[in-house]
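What TrEMBL says about this protein:
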{"type": "DOMAIN", "residues": "A:15-113", "note": "domain 'HTH hxlR-type'"}
Protein chains: 2
Amino acid sequence: MPRVRHKTFDCSAGCPVEGVLNLIDGKWKGVILYHLMSGTLRFNEIRRKLVNVTQRMLTNQLRELEADGLIIRKVYAEVPPKVEYSLSERGRSLEPVINALKAWGDANLAVDKIDVEAA
Amino acid sequence: MPRVRHKTFDCSAGCPVEGVLNLIDGKWKGVILYHLMSGTLRFNEIRRKLVNVTQRMLTNQLRELEADGLIIRKVYAEVPPKVEYSLSERGRSLEPVINALKAWGDANLAVDKIDVEAA
DNA sequence: CATCACGGTATCCTTTTTGACACTATATAC
DNA sequence: GTATATAGTGTCAAAAAGGATACCGTGATG
């Protein structure tokens, strides 16, 4: 499992920018946060939204988000297991950031263009 | 709001979010963009602002940003060499995004020791 | 002649991240 | 008694990212 992502952020002026990026990059974190903005989701609900994610990766990403205090993991003592993920206060405060990302993406990552570059 | 019409690669609704993240993650890209928001900079000026970056990494990051159309590289035929980097139109349009990142970082990563201790 | 500044390349190596795939527990349904 | 669903773990391997270090060309400076 990828270990401690948090070292100390000793950097200069642009540092906060990198700091946030360290929290939300990782192949699936952005999308996970985005989906959780719409409400609580269970493990497999998230999995179905992130089409190609493996269980291991999803678990990893969720654990890291949890460790960074952005999401809350709630386990129900049931069988079959039930685990719900939701945004914490801190996670919810990221909403403007995620929205800015989404807005720019929508405006500047037109599908045609991606097609051309990917081809 | 333009929406994704067709899946080029498996992404669901949160895709644009990941798309932008793919452009601006990389260990130094966020900070580079941040610094270029204040104006044109030469290679070594950027280098001095990113204290621990190696030449190789800085070159890499700048080339990727250039390839993604976010910055412009202008070479002067002089000796010693002079190369100026500045934001493109597209890069400048990222300003709200970078600002959102910076704002959140300033507000939530102020002293990261608090993270550890308070949690 | 030797050295510095500039903006890089070229090589090699280590660390980090991601992926494939197999395995687990248990209650319920068939 | 076999299969299903859930939410995971464990192990190994590949790929991507990042780092260390050395080198290049040239004109001016000492």
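Here the Cβ of each residue, glycine as well, is placed from N, Cα and C on the backbone.
As the structure is a computational prediction, the values presented were derived from the model and not from experiment.
Taken residue by residue, the domain 'HTH hxlR-type' (A:15-113) breaks down under DSSP into 59 helix, 14 strand, 26 coil. For the domain 'HTH hxlR-type' (A:15-113), the model's average pLDDT works out to 93.
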